[in-house]
Amino acid sequence: MVMSDSSPALKTLCKPGPRLKLYHFLKNTYCCQAEHKPIRSVLVANRGEIAIRVFRACSELGIKSVAVYSEQDKMHMHRLKADESYLVGKGLAPVEAYLSIPEIIRVCKENDIDAVHPGYGFLSERSDFAQAVIDAGIRFIGPTPEVVQNMGDKMAARKAAGEADVPIVPGSIGAVTSKEEALSFCEKHGLPVIFKAAHGGGGRGMRVVEKMEEVEESFERASHEALASFGNGEMFIEKFIERPRHVEIQVLGDKAGNVVHLYERDCSVQRRHQKVVEIAPAPHLAEEIRDKITDAALRLARHVGYENAGTVEFLCDERGEFYFIEVNARLQVEHTVTEEITGIDLVQAQIRIAEGMTLDELGLTQERIVPRGVAIQCRVTAEDPAHDFQPNTGRIEVFRSGEGMGIRIDSASAYAGAIISPYYDSLLVKVISHASDLKSAASKMDRSLREFRIRGVKTNIPFLLNVLENEKFLNGVLDTYFIDEHPDLFQFTASPNRAQKLLTYLGEVLVNGPQTPLATTLKPSAIHPHVPETPVGTDPPEGLRDFITCLGPEAFAKEVRSRKNLLLMDTTFRDAHQSLMATRVRTHDLLKISPYVAHKFSNLYSLENWGGATFDVALRFLHECPWERLEEMRKRIPNIPFQMLLRGANAVGYTSYPDNVVYKFCELAVQTGMDIFRVFDSLNYLPNLILGMEAAGKAGGVVEAAISYSGDVSDPKKTKFDLKYYTNLADELVKAGTHVLCIKDMAGLLKPEAARLLITAIRDKHPDVPIHVHTHDTSGAGVASMLACAQAGADVVDVAVDSMSGMTSQPSMGAVVASLQGTPLDTKLDLNDVSEYSAYWEQTRTLYGPFECTTTMRSGNADVYLNEIPGGQYTNLQFQSFSLGLGDLFEDVKKAYREANIVLGDIIKVTPSSKVVGDLAQFMVQNKLTGDQVVEKAEELSFPKSVIEYLQGYIGIPHGGFPEPFRKRVLKDMPRVEGRPGAEMEAFDFDKLNNEMRKSHGNVSDRDVMSAALYPEVTNEFLHFREKFGPVDKLDTRMFFTGPKVGEEFEVTLERGKTLSLMALSVAEDLKPNGNREVFFELNGQMRSVLIPDKVAMKEIRVHPKANKAVKGEVGAPMPGNVIDIRVKEGDNVAKGEPLVVLSAMKMEMVIQAPDSGTVKKVEVKIGMKLEGEDLVLVLE
């Protein structure tokens, strides 16, 4: 019989009636009686990767997918992946939007939705939500409201477990709602206990308490978290099981009462009770225990009439006993590993079960479910593992995933440009690996995570990699103490992130201008200097360094003295550019020419390439490590001795240091590649000189004691520094054991006749000691003076390659070489090689236009015989004058320099004493004072710090003593230093400094610590700069100083075999609300952008200040979030570790503690204020 659609009988059959459920409790017996009704559309009441996971399942089933999104998620990927998407919770807080049941039901009704999938988190375990969905005539893809309610209520779940004969952990009978109840339970049952959110899971609102005094605080924090996460702050308390494994059983139940398990997962790798890594199946779980746990899970599921997907969780102790924890009546984050080992799509199964299909119809009978291999899931989160996993927010600037065979990636917000907000969970992506065994799966996971590149926010990938490489993990020996008992998991090798950091630097230059002060308006040229070729694959010829490394300093000195020809030291790598370009030449340009020098100039006495002003200028202005410069030059020039300037007891600083600092410095310098230490003292103060000599000698270096030259030994009217003064000083230095004697003519005052007199006198007294003469060519007489020295018996003279010589630099290498050709003193250098070497520097010099001394100094100047300004100081003094607004008065500064020298007692002038004279000269010009007026008004003037410290004796005692009464008038009752300053200083505590630096900068090297011992603030700023901007020393010089032009293509070689191809595309005209400007680049063919705060524009915008890491006492927000509690006020005294402010973000609360004891000077936040990471919270003093 055929019935029409209008038949009353058919209408009666189609009329909904009571649903019939049959429960079968015999194992492997399945019922097939269930109502089946297809689903046409599914709304996912969630966000992020789980929403997309459900959408994909819907797509494969031919079902329309519908997304909901909050106002804050309008750009989020999950709304774009759905067939339709609708805004919910307009005007509500970010989390509240997804917790608004009326809003979600409204969207369902307005858009004819068949079913709702809750995902996990948010409303997934709210029975009132499940009931509201059903009451609206919509299907809920999950357990029944009754089951959700009973299983979500931990007390009801425990009761049900007991009724089903499932072992349970002792715990509270009902919900605990106050800290007083919590304290009472703990006093009655003892510690340790664990607080859990009574109406939710996922580690939110969970605290382990081991001390009675922590009970109340922990309860309040846990309850607040639970309230924020689940809308209910009630807690459940149970005894804490020691050393358990966390094993959970995946179950599926249908509407006909059939239930199966899909085996277990091990979730023991946890942090703060939140799962980090999950494994299926659980490694080394005995078959007998597996059977007992899965049977227990099925008993409970059948007892409560469980349908759809759920997880029954257990703790297993070391004896094989297991205890029920809870049921998660929803899909779990880690469901993926079960899918991988069983081949079953759990989300599709959920939907089909909601349609009314039975497990048998789905082919999901227990005997058909067989695990294959091992799967691991890692949750990649936007958290900083180096800082207690603080949530990290911001924009993902770069995203590249690690794919390939055996890897599955579930994500939603992981793409370049995605904004990671503080409002939601920090999960970025789930990575799942699948292989035949645990070690193979771990290997695939390790490979995949190493391929990831996520820039812009910090992630936990370094931590995950440490877990995956841990032997206990690889052997499957796990419990919930795994992370706590392996502190090595928190020892990270920081990701260099070099490319993105360099883009940030270039963006900073393009938006805010040069990051090192430019001294003039000249710009670097656009030239790429031609580097002369060197033989490929051949080692450079042997040089004098072999005598040092093989036979020692004494043999080296003997060999130098035995040579009949004149030896040269090339200063191009240090003093030449210090004198001509304010020490600004970068390692990048020095290294390019280094191989050529090694091959063509192997018979040089040495290369002066380190120490002196190059040390702090490298850190301060060039933002590069001087130690790395030395190390890299040594790799390229293995055959020529290196020489550095050691300022005696001042090392490479401008003041005295404890003796152990000088010794340690010399030791590290030799280890890094230094050979010859030219030891000098700025006042020729013998105790300071001898300390430096002893330190250099103990380190294994060649000691070249230097006598700083001033005056004129050929002028009988100049009696302070006469010939006898110098010969006596030479006697003392030879007696102290110097290997080589040096005359350091730092101002170029040594005239040819004076040179002949001085060198002859010293040679006659010390015939076996090599003599080395250093000068500057400021007057233009340098070549003549050096030739006179050579003819009088000097073994070595200083020169600079032609294009870097003359004026305040050293005499011309080519001129000296040519002058001695064919004579007994022939240097044996090839003029053609000198010419090629010079051509490189002639081009390279144009890159340093902003620092070029020729902008004001066109030629040598004989007035140096009057003012006695050292060549190395001349250009620096000139640029300092410009920066002080005295550029047009530099001639006055030079005259004042001469007067200042007389006021200070006519002293030897070399760093740091030359700086004292220069500071006083500029002080005089600025204040329009003559030398006589300075002396007369000394008691009422505020002198530069360097002048006061000189007069106190901090850099030593000058020849002839301090000028009186000037000294007495300036110092009044200030303390004086008698004798060698460093002799009275306590030994420096390097270990203490190392520990302090590690707190601020993570891993630091001994060289970093040494730099900080010499220049604390400069080194701290340099390290912060490097952490922010990366290896800027790899940039071409023009790019470093002024950045690229828009549309310009260029390359950056990071290391051998790794070269970046870059192009600057544009700088956005529009300013972001927070004052940032977006700069666009192309990197290796891919678009990249960086956000740079526009410092000029931000002056007109109110932006919350950032904590300056370099300023002690400024306390910053460790993570973005809302201020929910302020525990202190201005004027309060706080102890180290005392709570200051409480933040809430990503449903987690964070207490900001005092980093040190002190007084609260200023509070910069208010309750309810939203903060970004590193925003200034308060200031301590």
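Just so you know, glycine gets a Cβ as well, placed from its N, Cα and C.
Feature annotations, reproduced from TrEMBL:
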DOMAIN    38-488  domain 'Biotin carboxylation'
BINDING   Lys154, Glu238, His273  ATP binding site
DOMAIN    158-355  domain 'ATP-grasp'
ACT_SITE  Arg330  active site
MOD_RES   Lys744  N6-carboxylysine
DOMAIN    1112-1181  domain 'Lipoyl-binding'
MOD_RES   Lys1147  N6-biotinyllysine
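Spread of the ATP binding residues is 16 Å (greatest Cα-Cα distance among Lys154, Glu238, His273). If you compare Cα positions, Arg330 (active site) sits closest to Lys154 out of the recorded positions Lys154, Glu238, His273, Lys744. In sequence order, Gly171, Ile194, Phe195, Lys196, Met206, Phe236, Ile237, Ile325, Glu326 are the residues of the same chain, not among Lys154, Glu238, His273, whose CB sits within 8 A of the CB centroid for the ATP site. Cβ neighbours of His273 (ATP binding site) (same chain, under 8 Å, six or more residues apart in sequence): Ile194, Gly203, Met206, Val208.
Annotation for the recorded positions Glu238, Arg330: lowest Cβ count within 10 Å of the residue's own Cβ, Glu238.
Secondary structure counts, DSSP: the domain 'Lipoyl-binding' (1112-1181) has 0 helix, 38 strand, 32 coil. On the backbone, the CA of the residue listed as 'N6-carboxylysine' and the CA of Lys154 (ATP binding site) stand 84 Å apart. The C-beta environment of Lys154 (ATP binding site), restricted to residues of the same chain at least 6 apart in sequence and closer than 8 Å, consists of Gly171, Lys196, Ala198, Phe236, Glu326. Lys744 (N6-carboxylysine) is surrounded by 25 other CB atoms, counting those within 10 A of its CB over all protein chains shown.
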